[in-house]
Amino acid sequence: MGSSAGSWRRLEDSEREETDSEPQAPRLDSRGVLWKNAVGFWILGLCNNFSYVVMLSAAHDILKQEQASGNQSHAVLLADILPTLVIKLLAPLGLHLLPYSPRVLVSGVCSAGSFVLVAFSQSVGLSLCGVVLASISSGLGEVTFLSLTAFYPSAVISWWSSGTGGAGLLGSLSYLGLTQAGLSPQHTLLSMLGIPVLLLASYFLLLTSPEPLDPGGENEAETAARQPLIGTETPESKPGASWDLSLQERWTVFKGLLRYIIPLVLVYFAEYFINQGLFELLFFRNTSLSHAQQYRWYQMLYQAGVFASRSSLQCCRIRFTWVLALLQCLNLALLLADVCLSFLPSIYLIFIIILYEGLLGGAAYVNTFHNIALETSDKHREFAMEAACISDTLGISLSGVLALPLHDFLCHLP
């Protein structure tokens, strides 16, 4: 594992020439290979987002210990979002020129560096540097691994998405559990340095070399659905050819992706507007839960919903993702109205709505990338996955611009 896209293409060409003159050797157990790749992508998704979730929670703890101001808390959010946004904006322009292995190594090193920096931080500035490294690791990893799925059966997208969903739930639970058990934030972070090691081991040791021309692991209906609705298919098209795309081709493919990018941006805009701007304001006094406990339940239920729906592709597939965007915007309107008017009588209704919010967000993510994988030509699929990665981060960034000022405004209302 760890070969670049170019070497895969050369290997494929040489193997095809050999099979013209020699009998084909028996194939390896395709089911075993499929499961290795499925588990590999699940672990990659888990590790890529796990480090980010844990490290960000720890950074907030350290800022709290250092009695950071509200402005510094906003700085954490900027350090969290901006590096990923920059990486995803630039990725379709030149990231494909770098082989996959160095990208994965950089992602793993940045992940480990974020743990070490935040663990030994003695200042807000050093903590923010740790947040930046975690953001670089997560953003670079997501772009790299999603574009890598172009070389594998589309089923791995479901496994990758499920792993990323599990990271939110397991990451927050593990950090909370270890700190509640008596470990300091520093020792908790240092105990998790095995996560970047697991990511690198999964990529270099577990994933098998892809076979672009063989859609093994896909059923007949899914194979038939692979029609080049975005981009133009040519006889010699194959995954990994995005290095040879002209700017005009890239622009044409990107325009075709907008019908998936825009709904996903809207889903994440509404989702993180709720999470960043409204969660702390949805406070019920007629319950035994404290304000902090209510907030933790909101986060836990949201993460549970995301994990469940990102793992649901095998039993529920949604092509028209704009429906999910509409429903998420309705969620935002309902919860914003409740913050202003307090008309929902029970916190358990809020629990259900937040779980539903997570389900919509996770379903939008996994179905968007699955649909793109099915509807792009082989030649354009790697580029399309890279380009569509901007959707979630752009939605989160736009929500932060509006949600934080609105949160401060609502807090000062009489």
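Residue numbering: from 1, along the chain as shown.
A Cβ is built for glycine as well, from the same backbone N, Cα and C atoms used for every other residue.
Those TrEMBL annotations? Automatic predictions, nothing curated.
Per TrEMBL, the feature region 'Disordered' maps to 1-26 (among others).
Residues annotated as region 'Disordered' in TrEMBL: 215-237 (among others).
Sequence annotations record features per position, and here TrEMBL assigns transmembrane segment to 39-63 (among others).
Annotation comment: TrEMBL describes 75-98 (among others) as transmembrane segment.
Annotation source TrEMBL lists transmembrane segment at 104-121 (among others). Residues 2, 47-48, 51-52, 54-55, 58-59, 62, 127, 129-131, 133-134, 136-137, 140-141, 144, 185-187, 189-190, 192-193, 195-197, 199-200, 203-204 of the same chain, all 6+ positions outside the transmembrane segment (104-121), place their C-beta atoms under 8 angstroms from a C-beta of that stretch.
Taken from TrEMBL, the feature transmembrane segment covers 157-176 (among others).
Taken from TrEMBL, the feature transmembrane segment applies to 188-206 (among others).
Feature annotation from TrEMBL assigns transmembrane segment to 257-274 (among others).
Residues or ranges marked as transmembrane segment by TrEMBL: 320-337 (among others).
Long-range contacts of the transmembrane segment (343-366) within the same chain: residues 157-158, 161-162, 164-165, 263-264, 267-268, 271, 274, 282, 284, 287, 289, 294, 297-298, 301-310, 312-313, 316, 318, 321, 324-325, 327-328, 331, 334-335, 337, 392, each at least 6 residues beyond the stretch ends and with a Cβ under 8 Å from a Cβ of the stretch. Positions annotated as transmembrane segment by TrEMBL: 343-366 (among others).
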Tertiary contacts of the transmembrane segment (188-206), as residues 6+ beyond its ends and Cβ separation under 8 Å: 1-2, 36, 39-40, 43-44, 47-48, 50-51, 54-55, 58, 101, 104-105, 107-109, 111-112, 115-116, 118-119, 137, 141, 174-175, 178-179
Within-chain partners of the transmembrane segment (320-337) [C-beta distance under 8 Å, separation at least 6 from its ends]: 259-260, 262-264, 266-267, 270-271, 273-274, 278, 282, 343, 350, 353, 356-357, 360-361, 363-364, 367-368, 371
